[in-house]
Amino acid sequence: MDNRPIGFLDSGVGGLTVVRELMRQLPHESIVYVGDSARAPYGPRPADQIREFTWELVNFLLTKNVKMIVFACNTATAVAWEEVKNALSIPVLGVILPGSSAAIKSTTSGKVGVIGTPMTIQSDIYRQKIQLLAPQIEVLSLACPKFVPIVESNETKSSVAKKIVYETLEPLVGKVDTLVLGCTHYPLLRPIIQNVMGSEVTLIDSGAECIRDISVLLNYFQINASREEKKADNLFFTTAGTDTFKEIANAWLEESIDVEHTDL
């Protein structure tokens, strides 16, 4: 048994979509979450800068004595996950491989769409992972640079959000039967995305898919938290103002949380 928390990092609030799934499926595990909203979005930034920022988040989590780190950010996973995983002695998970595997299982037409930040799409990592496992699948990738700012400003239900999502996704409509939400911010736009793509298209939440991998690694390394002892409080940190983060988190997690500011 290991009652240390699991660390989550993201460029902002998007990783809360992963945390919500963990709280549902592994409620006895405690969490330390850090979101770099002050420097979001990561997607348009150069790879070296994303790598630098990611290491700052990792080092912050290490000061909190975490037993595992989850990259709840596709952009950070695409750029820095491999490097961090190889450098640390604790397990480090990314969200891209679980999302790719789920897309392969889902598609019946052999045509999968992937949406993500400019850096995630530019890295071509989803297409590579999917076609490594299933070379016959056609992958259509689309960068959606305006989606993260909508989520970070808590405008997901606005008419502007609907217009932007519709205009951005138009090139994929009718061309795929499965769409990977290749950014953990995007599930917060899920109702609009589903409406635009059509009810027949399966949406893959890459972040939620990684919870199964977290559970497997907890068992493998025998670092599950005790179900008998009272778990530590979940901790949430943001590099930006706490009010917007808290508003989004309370609505998404369906509970009131405390959020602290950090300058890393």
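Backbone N, Cα and C define each Cβ position, glycine as well.
Per Swiss-Prot, these features apply:
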ACT_SITE  C73  active site, proton donor/acceptor
ACT_SITE  C183  active site, proton donor/acceptor
BINDING   D10, S11, Y42, G43, N74, T75, T184, H185  substrate binding site
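Cβ neighbour counts within 10 Å, taken over all protein chains shown, single out C73 as the most crowded of the active-site residues C73, C183. Counting only residues at least six positions away in the same chain, the Cβ atoms of G12, V13, G14, T17, F147, V148, V151, E152 sit under 8 Å from the Cβ of H185 (substrate binding site). Cβ-based neighbour count (10 Å, all protein chains) for N74 (substrate binding site) stands at 36.
Residues D10, S11, Y42, G43, N74, T75, T184, H185 are the ones the record ties to substrate, and the longest Cα gap between any two of them is 12 Å. Between the C-alpha atoms of T184 (substrate binding site) and C73 (active site, proton donor/acceptor), the distance comes to 6 Å. Each residue in G12, G14, G15, A40, P41, C73, A76, T117, T120, V148, C183 lies on the same chain as D10, S11, Y42, G43, N74, T75, T184, H185 and has a C-beta within 8 Å of the C-beta centroid of that substrate site, without being one of the site residues.
Using C183 (active site, proton donor/acceptor) as the reference Cα, a 10 A cut-off selects C73, N74, T75 from the recorded positions Y42, C73, N74, T75.
Cβ neighbour count for G43 (substrate binding site): 25 (other Cβ atoms within 10 Å of its Cβ, all protein chains included). Long-range Cβ proximity for T75 (substrate binding site), meaning a same-chain Cβ under 8 A and a gap of 6 or more residues, is found for S11, P41, Y42, G43, I50, G116, T117, M119, T120, C183. In this structure the alpha carbons, written CA, of C73 (active site, proton donor/acceptor) and D10 (substrate binding site) are 5 Å apart. Proximity of D10 (substrate binding site) to non-local residues of its own chain (separation of 6 or more, Cβ distance below 8 Å) is seen for L16, Y33, V34, G35, D36, A72, C73, A76, T184, given in sequence order. In this structure, N74 (substrate binding site) is part of a helix by DSSP. Over all protein chains present, the Cβ of T184 (substrate binding site) has 34 other Cβ atoms lying within 10 Å. According to its DSSP assignment, C183 (active site, proton donor/acceptor) is coil.
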